[in-house]
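The block underneath contains the structure these notes are about, expressed in structure tokens.
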Amino acid sequence: MSNGVTAPLARHAMAYVLAGGRGSRLMELTDRRAKPAVYFGGKSRIIDFALSNALNSGIRRIAVATQYKAHSLIRHLQRGWNFFRPERNESFDILPASQRVSDDMWYRGTADAVYQNIDIIESYDPKFIVLLAGDHVYKMDYEKMLQQHVEQGADVTVGCLEVARSEATAFGVMHVDAKDVIQSFLEKPADPPAMPGKPDRALVSMGIYVFDTKFLIEELHRDAANPNSSHDFGKDIIPYIVQHGKAVAHHFDKSCRRSHAEDTSYWRDAGTVDAYWAANIDLTDIVPQLDLYDREWPIWTYGEITPPAKFVHDKDGRRGEAVSSLVSGGCIISGAALRHTLLFTGVRVHSYSQVEGAVILPYADIARSCRLKNVVVDAEVRIPDGLVVGEDPELDARRFRRTDSGICLITQPMIDRLDQ
């Protein structure tokens, strides 16, 4: 079954994005927002990748389930994803946890976040449901996963990829046979089983699932009636289907979208401060691992109206310049020097400041004569004159959130405490 021969299966699919998680390993970066709403890549939010994959794959019915501190996420979705047309059989629904099933029941798990909205799914009558995690960064054609699901007659198809075995404790780990039928599935095991012939690698779930809608609804009703269930796909639904049905693995390499500039399949959890910093800073390389300039697979997002970036002053020691950096619209670099730095919308960096290896979120303001190295600066933070970060590890650890690898997360409450 291939595109151009038959109608794309994506036309008959609905994408359901789970976007309610906090992402606590990002520490204070998610104090005010859910992980899917965290900024990424200069102008996007993390959730834009899953949504753009769905749109670029041809899926035109999308729902997003939200829960933890959802205001900024909902505002972003309303502003940036409001172009769907019902008269063209398109839809975009935002589904906050709202006690729709019981007066004392929020979303109890990932499966429950779908179960509580079964009536909305049924109202659109899709043949397939593509369940997505809204907190990963990657480019993927879900049409190819749908094709494998149909061709193999699966009850559920699970997106998977190889990771280092040492990292697999954070994921669902599976073992498959020669036809990619899943034989076992363990959610976040303390001792992940290795892949055959690859003792240091494990095959893990990406948190992406394809179901026939009818089968999924039956499974959700069965799970909801089980008082011993945690109502979670990875812990309950998928292991049950592995034992009692047919669960098939879909390898990410088969559907990863790569431009001519991308040599390997790119997928990032970006779930820790270190991983988040590294994934963003990688974009400043000459040839980054993730190509955001791929016009054939754009990452859609809310396009805030801003003037172009501006660089001013041209004297020794006070020259507005940026080398190997990404500078978004509305930024003003006033006599400051940037190296391997990513600035989101509306950032201002004032004279005599030196910034290197920095991820600076929207509308932060870096005052004069600062030296910042290997930092993540939260949105709207006001960095005071002369602040130095990245040169004294002990001082940094007392004042900011410093990781073991030396990355400092800076938020406004941390800055406010400097004067106390």
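Glycine too: its Cβ is placed from the backbone N, Cα and C atoms.
Listed in Swiss-Prot for this protein:
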type	residues	note
BINDING	Tyr107, Gly172, Glu187, Lys188, Ser205	alpha-D-glucose 1-phosphate binding site
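Distribution of Swiss-Prot features across the structure.
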| residue | record | Cβ within 10 Å |
| --- | --- | --- |
| Tyr107 | alpha-D-glucose 1-phosphate binding site | 26 |
| Gly172 | alpha-D-glucose 1-phosphate binding site | 24 |
| Glu187 | alpha-D-glucose 1-phosphate binding site | 16 |
| Lys188 | alpha-D-glucose 1-phosphate binding site | 14 |
| Ser205 | alpha-D-glucose 1-phosphate binding site | 22 |
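Max Cα-Cα distance over the annotated alpha-D-glucose 1-phosphate binders (Tyr107, Gly172, Glu187, Lys188, Ser205) is 22 Å.
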